[in-house]
Amino acid sequence: MDEIEIKSHPLWMSPMASGSPQADVCVGTPPWMAEGRPQSKNQKAIIMAPSKHQNLMYLSDHYASLLQRTLLVNKDPYVGKGIHARIIKSGLHLGVFLMNNLMNLYAKTGFLDDASKLFDEMPLRNPSSWNTIISAYAKQGKIDHARQVFVEMPEPDSVSWTAMMVGYNQMGRFENAIKMFVDMISSKVIPTQYTFTIVLASCAAMKSLEIGKKLHSFVVKVGLGSYTSVANSLLNMYAKSGDLVMAETVFGRMKLKSTSSWNTLIAIHMQRKRFDLALAQFEQMNDRDIVTWNSMISGYNQHGFDIEARNMFANMLKNQSLKPDRYTLASVLSACANLDDLNSGKQIHGHVIRTEFDLSGAVGNALISMYSKLGNVKIAQKIVKQNRVSNRNIIAFTSLLDGYLKQGDMKSAREIFDSLNDCDVVAWTAMIVGYMQNGFNDKAIDLFRLMIERGPEPNSYTLAAILSVSSSLASLDYGKQIHAKAVKSEVSQSVSVSNALINMYAKSGNITNARCVFESISWLKDTVSWTSMVISLAQHGHGEESLELFEKMLDLGINPDHITYVGVISACTHMGLVEKGRWYFELMQEKHGIEPTASHYACMIDLLGRAGKLQDAWDVIQSMPFEPDVIAWGSLLASSSVHKNMELAEVAAERLLLIEPDNSGAYSALANVYSACGNWEDAAEIRKSMRFRKVKKDQGFSWVQIRDRVHVFGAEDVVHPEREEIYRTMAEIWKEIKKLGFIPKTEVVLHDLDDEVKEQILMHHSEKLAIAYALMKAPKNGTLRIMKNLRVCKDCHSAIKFISKLVGREIVVRDATRFHHFKDGVCSCRDYW
């Protein structure tokens with residue numbers, strides 16, 4: 001053992017003569033002596049034999065004092081072993097008091113086996129002997145050994161029972177600790193203040209208010225309520241169990257309050273959002289510790305008062321006697337992130353570096369989260385690499401992942417995600433949502449499938465996100481699989497999942513299933529649920545039902561939001577209910593206090609324009625309190641095109657192109673107006689201008705899912721490998737529907753061509769080719785579901801009505817604005833779209 005400098009301290013000065021002869025190593029000599037290990041001068045001084053004139057009692061007290069002081073000064077078990085050897089040589093190893101001290105030294109210096117062996121070899125034991133070994137086992141997590149000794153103890157006293165409760169409490173076995181207390185009372189052993197502090201702590205951990213109240217009664221009965229430690233335990237129990245009123249009552253009755261008492265009360269005030277009272281209590285305190293400051297800083301931060309949290313931290317730094325700990329720094333860094341205060345965050349980072357604070361835990365995570373949230377993902381990544389932050393710090397890595405996702409850096413985000421060994425559901429969900437928000441729907445689905453195979457169980461947020469992906473793809477089969485997964489994992493009743501299911505079914509063309517999900521939510525319906533259903537019904541041509549549902553929503557006292565009214569006015573638009581749409585527009589403002597947004601004005605312009613009230617639509621644009629956007633001008637342009645109002649179309653197109661010079665829709669719509677009015681030269685000039693400006697017209701596409709594969713078609717498609725057969729099928733269908741009375745609307749082909757050529761072009765529109773392919777490949781008698789990125793043209797709309805009658809099947813077409821359900825020669829839109 002290394003030589004130390006305390007050898008001349010009175011603690012180590014032996015009353016024995018320094019020249020006493022050394023005996024040979026005797027039985028019971030510690031291993032370091034038997035092995036010939038060199039002795040330090042310390043050890044030699046301690047184990048020298050006392051004077052033969054001193055009596056055994058004095059010698060026993062002397063060794064006991066040495067053992068106690070050894071435990072206090074440097075807790076060196078090898079010094080204790082040296083004393084042990086001299087005790088044995090002196091024949092004092094049978095003394096209970098001396099052996100208890102030695103056993104206590106061994107137990108508290110990590111030599112539990114030696115303590116246990118000593119206990120087993122003791123010929124005589126008193127209660128202190130039993131309690132020492134029970135406490136040693138309990139505190140070191142060997143609760144079963146402690147229990148065995150406890151059961152063998154002749155008469156366990158309050159110390160024994162309490163030691164067992166401490167052990168159970170430390171291991172998180174709170175129910176066992178409480179049961180020990182019940183058994184203690186049954187054994188008629190009087191509990192002490194220490195007993196109550198432990199059992200109340202167990203109740204607090206379990207948030208068992210009922211048991212805690214019974215313990216409170218017992219405390220009052222035995223007269224221990226005046227002890228500050230017991231009162232603090234009661235205060236903590238009530239606070240953690242949720243009875244904040246009773247916690248405040250206990251605090252008010254306390255005659256002596258410690259810093260811990262005040263800290264608990266401040267935490268209660270913060271929990272109840274009574275920030276003024278918390279601050280008042282804080283200012284009354286004379287002795288504030290780090291917990292006091294942390295209660296204020298974290299309380300402010302957790303409830304959104306981040307400026308106050310940051311200011312409180314600044315005041316704390318003025319107190320030179322206190323240094324921020326990991327909880328302080330984590331809270332104030334979170335506040336900086338919420339405030340978008342990168343400058344303060346960097347200053348705190350500098351403080352962390354100067355004080356060489358450990359970055360492997362909460363502080364490192366907080367720094368990574370702050371930099372990631374504020375867009376400095378490179379610095380966050382640098383902190384990860386420099387400080388070797390463990391892969392298990394999921395919170396920090398998820399924040400870093402989120403930072404990359406917000407920047408659209410999917411490659412870096414995926415690298416971070418793949419580096420996580422213990423990915424939790426939050427990280428998986430963040431990655432799936434990231435793919436979805438950045439347009440990588442296929443990758444989002446692939447990752448979700450991987451999550452099902454080897455990841456954590458998806459929660460309601462995950463399922464809602466992947467259902468949104470399914471809605472975007474309008475993949476009904478895949479959406480149904482996710483629905484089944486939601487039912488299996490028992491989260492289908494989650495409002496967020498149910499709302500996502502309504503949208504998924506509606507956008508996939510299955511309004512019946514959307515209705516079923518809506519009805520299944522019963523009393524859990526929120527504004528989003530009602531709004532989703534109102535909009536879905538309107539989009540599927542059930543305008544009357546949509547408005548009836550909205551009126552029912554109002555009757556039930558459910559307040560609509562601005563999105564609800566977008567759906568309601570759209571429902572009026574699809575039915576041509578101009579006056580009712582105007583009435584709802586006024587109701588939104590007068591009854592519900594919702595100021596019209598650009599979306600509401602665009603709906604009104606669309607409503608009036610479709611109905612041919614172009615002047616009224618123009619008046620709405622002129623009355624807007626802010627500049628009309630692309631959607632507003634686009635709605636007016638579309639209506640002008642439909643009603644062949646060339647002058648208004650020119651104005652709308654001009655204004656639209658001022659906002660978006662490369663908007664191909666504006667050029668195309670204006671060219672179509674000119675063509676429809678027979679102004680072929682101006683139409684040609686517009687198309688020439690598009691080529692000159694390199695503005696490409698939006699290509700029309702239609703797609704259909706057959707089994708697990710999506711087939712995409714363009715007009716005059718020449719890419720599909722089964723093109724010839726598709727064209728033949730379409731030619732046969734064309735021939736048959738003409739027999740049923742279908743007349744091609746060649747006027748929709750806005751080019752100066754022969755009708756025969758126009759008819760050929762119309763036959764090969766993308767939605768017709770998709771329907772032909774679906775009839776070739778899809779299962780018989782089922783509903784055909786076709787998706788299109790642009791509005792369906794009049795000719796296709798008319799043709800599909802005849803096709804539905806010809807083949808005897810329902811055909812659902814989703815275009816850019818709504819759903820068309822074709823069945824038996826009739827469309828759900830009633831030819832108004």
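Each Cβ is built from the backbone N, Cα and C atoms, and glycine gets one as well.
Annotated features, as they stand in TrEMBL:
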DOMAIN    741-833  domain 'DYW'
REPEAT    126-156  repeat 'PPR'
REPEAT    157-191  repeat 'PPR'
REPEAT    289-324  repeat 'PPR'
REPEAT    393-423  repeat 'PPR'
REPEAT    424-458  repeat 'PPR'
REPEAT    526-560  repeat 'PPR'
REPEAT    663-697  repeat 'PPR'
Cβ contacts under 8 Å made by the repeat 'PPR' (157-191) with residues that lie 6+ beyond its boundaries:
127, 130-131, 134-135, 137-139, 141, 143, 146-147, 150, 198-199, 201-203, 205-206, 208, 211, 215, 218, 222
Residues of the parent chain within Cβ reach of the repeat 'PPR' (424-458), under 8 Å, 6 or more residues beyond its termini:
394, 397-398, 401-402, 404-405, 408, 410, 413-414, 417, 465-466, 468-470, 472-473, 478, 485, 489
Quick one: DSSP breakdown of the repeat 'PPR' (526-560) into helix, strand and coil?
26 helix, 0 strand, 9 coil
Would you mind giving the whole-number mean pLDDT across the repeat 'PPR' (126-156)?
87
How many helix, strand and coil residues does the repeat 'PPR' (424-458) contain under DSSP?
27 helix, 0 strand, 8 coil
